[in-house]
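If you check Swiss-Prot, you get these features:
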- GLU104: active site, proton acceptor (ACT_SITE)
- PRO308, ARG309, PHE349, GLY350, GLU351, ASN374, ILE375, LEU376, GLU377: CMP binding site (BINDING)
- 47-90: domain 'RPE1 insert' (DOMAIN)
- GLU174: site 'Transition state stabilizer' (SITE)
- LYS249: site 'Transition state stabilizer' (SITE)
- 2-22: transmembrane segment (TRANSMEM)
Amino acid sequence: MMLLYYILSFILLPVYFIIIFIRLLIGKEDIRRIQERFAIGKQRQNSLLDLQMSVNQEGFKVDTEHKATSYVYIHRNASLMYKLSLERSYAQSLVWIHAASVGEVMTSLTLIHNICKLAPNVRFLITSWTNTSAKILSTKLPKIATHQFLPIDNVIFTRKFLSNWKPDLGIFIESELWPCIINEGAKHCKLLLVNARISNKSFKTWLKRKKFFQLIIKNFSKIIVQSECDLQKFNALGISDAMNLGNIKFANEKLLVNQEKLSKLSLHLDNRRVVVFASTHPEDEEVILPIINNLKEQFVDCYIILIPRHPERVKSILNNCKCHNLLATAKSQNDLPVLSDDIYIVDRFGEMGLFFSVATISFIGGSFKQGGHNILEAAYFSNCIIFGPDMSKNTDIAKGILQNNAAIQIKNGEDLLNTLKSLLNANNALKLKAYRENALKFVEHNQKILDEYLHVIKPFLP
């Protein structure tokens, strides 16, 4: 069956090129890094490791102040530069971590931070699929790591990728199972699948292709799932050696906050009660935007901040605000909220923690149709958390936080409006305070999960 997949990957090669071209046209690919989809460019031996993207107005600069490491800054026409390093020699061990998108990328950073304490000489390669994840990594990736886009899942490109990098250990996070890269990767090094989950939709699909699923999964030396429900799904698919340690997202560090920006923002907001709508999709905004005028009519000291999951949608969101008679400004237009507006749209990466810091209540997006996003990030900031009816990608976390009276689940727009009105009502101040305190307690109580993960991973480290 794996051979059949390999053959199909050859037959469909022209289709892959078309898909990549379409993704380029709609802005989902970075033309400056498109070669990485075909495993062209960086490699492990004698390579310049891409450590960080930054903006350098000086054009070209070489810093040889430190003997161990020399850095090269290359100014690109699009104002993006690659900070490259000769820090790592071929002899150093390389741990390859695949993180599909934003949520997994945050987990990968937690793993890097803690694995390097166990193995100080290890260096890291992070692969991901989305532009959004790459932009986040450009500001957060440590010097001991580099990022590359995962190549197309075709045997030619995957073999070239693995030949270039020669990883000593591979760690796949959550649910993205590319048959070719996993099958070929297992020929080069041990592979681990951590924080694994299977959505209900994927489970139904894999039940029809159980033997193929088993062929893919057998390449992993260890499988750690994130919930009892996921363990049962793996068992039903014929995988009996998976283990459940819980969701490693509990161990993700609190989002960083620039204290100078926070002081400035807090002073500017002047004690307004802030409601943040975080990681929103169009389906969320269809519910959120119609209720804002009603909410602000009753609570004049309430200020709305919306942080879309994909900031490139900002023009569309601004247009939708106009359609609902809402005054809105984007962060790219004004660095501080316009207090006379109805809504402020944050179309910048890396500032979620800043706005959670000033929030009283946070609604977590993707929870109407996308299965929900990470609700723990807001919990670290002691926000009262609200989410929609679809938390299928975070079932156990949603169940746990609800059981601890640390969040509220709503069904629709009317339910959301009534919940916000209730929480903002001065008579319910103690109730709101309890939700906020319980959210922080919930996330702090579960942080020991990381130690259990590291205990399992440690024997596999090079």
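Note that Cβ sites are derived from N, Cα and C of the backbone, with glycine treated the same way.
The DSSP secondary structure for LYS249 (site 'Transition state stabilizer') is helix. In the three-state DSSP assignment, the secondary structure recorded for PRO308 (CMP binding site) is strand.
The Cβ of GLU351 has fewer other Cβ atoms within 10 Å than any other of the recorded positions GLU104, GLU174, GLU351, GLU377. In three-state terms derived from DSSP, GLU351 (CMP binding site) belongs to neither a helical nor a strand segment and is classed as coil. Of all the binding-site residues given, namely PRO308, PHE349, GLU351, none has its Cα within 10 Å of the Cα of LYS249 (site 'Transition state stabilizer'). For PHE349 (CMP binding site), the number of other Cβ atoms no farther than 10 Å from its own Cβ, over all displayed protein chains, is 14. Listed recorded positions: LYS249, PRO308, ILE375; maximum Cβ neighbour count within 10 Å falls on ILE375.
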